[in-house]
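Working notes, structure below.
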Amino acid sequence: MQHLTKRWCMKPLSFCVSLQMFLVALSFAYFAKALSGSYMKSTITQLERRFDIPSYLIGVIDGSFEIGNLLVIAFVSYFGAKLHRPKIIAIGCLLMSLGTFLIALPHFIIGRYKFETSIRSSVNSTSDLSPCPVRSSVLAAGPSASSVPSSGCEHESMLSMWIYVFLGNILRGIGETPVQPLGISYIDDYALEENAAFYIGTSTIIGPVFGYLLGSVCAKIYVDIGFVNMESISITPGDARWVGAWWLGYLIAGLITLLSAVPFWFLPKSLPLPERRLAKYSPERTSFIKDSPLLEHKYQADEPANFLEMAKDFLPTLRSLLGNPVYFLYLCITIIQFNSLIGMVTYKPKYIEQHYGQSASKANFLMASCNADCQCPETNWDPVCGENGLTYFSPCLAGCRTSHGSGIDTVFEECSCVAVGNHTASAGQCNYRDSCHRVFPYFLALSVITSFIISLGGTPGYMLLIRCIRPQLKSLALGFHTLTTRTLAGIPAPIYFGAIIDTTCLKWGQKKCGGRGACRIYNTTAYRYSLITTLDLHICSAVWGWNKQK
């Protein structure tokens, strides 16, 4: 450790302490923003079910982070490089924290989660639970309950609680804006050139690991834990109606992000430049840096800042940046790559859940002769698993006449559509496929390997980006790169990937006051091939781009 410190710091102790403190603070900020971002990805299924919205709308919510980033990234990257960078990063962390807390707000104002079920909540329940009522008696009783609007619909229809999540994610995007461009440019300015990559690489994001772990833990906790009697809950985490404690992780992530802002308030605006000999640039490098070949790579950021002069210089500076052929080609290629990467990362947890968590056979929701005497609402989703291994959308569609037990222990009997054994069915979907359990570890290992390979290009890519341009343009180059990739990849990719996923839905849920809700079950084969086809198109485009660059 002592050897590394001497290698990093060729300046007085105060310089070394300040630089290392900034590195630790930036690493923690990266951890915090990555944790909350990956946690958002891990909760998309929970948000779909809680707010009864389709996947494309989840894509809009996910893309709102990029919208917030888009609003300020160019100005923060350009003007922020000339101002107090650590304090601007601190303000960004505070905004990220507020946005994360805002995302969790709907849980505390929306009321308790209610799901459709025909299962009694307790043994002492006195309600009539005949899953398959005789058609004549139903007709005599008038319209079915599912066709009668629920009380309070006039009030509830005016409330779209997912808007709070949308706005909170926009605020997160605004707050995250200065962390990357200002943080990386600050490190690169005050580290020795040969060690700059080491500094930037040290800020490796381990946040996603903890974000997904946190998402996994919270998904197993019922959304209204502490406010309801858990014995009355008749569904399990494997049920398509289950909603985990999605709000809990956002409170934790918001607190961590708030703490990450503290160190930046105590860091200086600038540090002494590291001693170094004048660089001797290669002909290749001087061919795309349109300045003196002996131009120093570092520069002091604390020049007198006149806002009007900086504003006038913005467009010519941007034109100069885009005129750099290496920078422009790198920008185009990463836009293509990020489209596939962001789409994959956003819906990967959902893909795993759907593809590796379905029963062995297709769910049965047809009106065959076995349930012809029942008045079965086709909109209900109350799955049961028959002895024949089929998942039925409701006890009524399974032709079940009686039931006993309560909660998740309910057993339906005299099920005319279950033509084996004792003609019984149990609450919930059928167990997962054994073959999926065997294949999943291989899928996980392959995912880890590919993610590692993809990440290898991250730091070299940034070093290429900041080395192919003039030193004064580093913050703007990083910021504009982030701006364009998020505008042309971060915003549209989750939306069109979500729309493609929606086309593979087999059964849509119904909202309390009518209308289509969240998807309950997908055609996993169509789901898989639609994503593979989209990813292949992006990969082909990226390969073509690299060949053009060569």
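Cβ atoms are placed via backbone N, Cα and C, with glycine included.
Remember, TrEMBL labels are computer predictions, not curated facts.
Taken straight from TrEMBL:
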TRANSMEM  53-76  transmembrane segment
TRANSMEM  88-110  transmembrane segment
TRANSMEM  196-223  transmembrane segment
TRANSMEM  244-266  transmembrane segment
TRANSMEM  327-347  transmembrane segment
DOMAIN    364-419  domain 'Kazal-like'
TRANSMEM  442-465  transmembrane segment
Most CB pairs under 8 Å with the transmembrane segment (88-110): which of 53-76, 244-266, 327-347? 244-266
Under 8 Å for C-beta pairs, could you tell me which stretch among 53-76, 244-266, 327-347 has the largest tally with the transmembrane segment (442-465)? 327-347
Tell me the residue counts in helix, strand and coil for the domain 'Kazal-like' (364-419), as DSSP assigns them. 6 helix, 13 strand, 37 coil
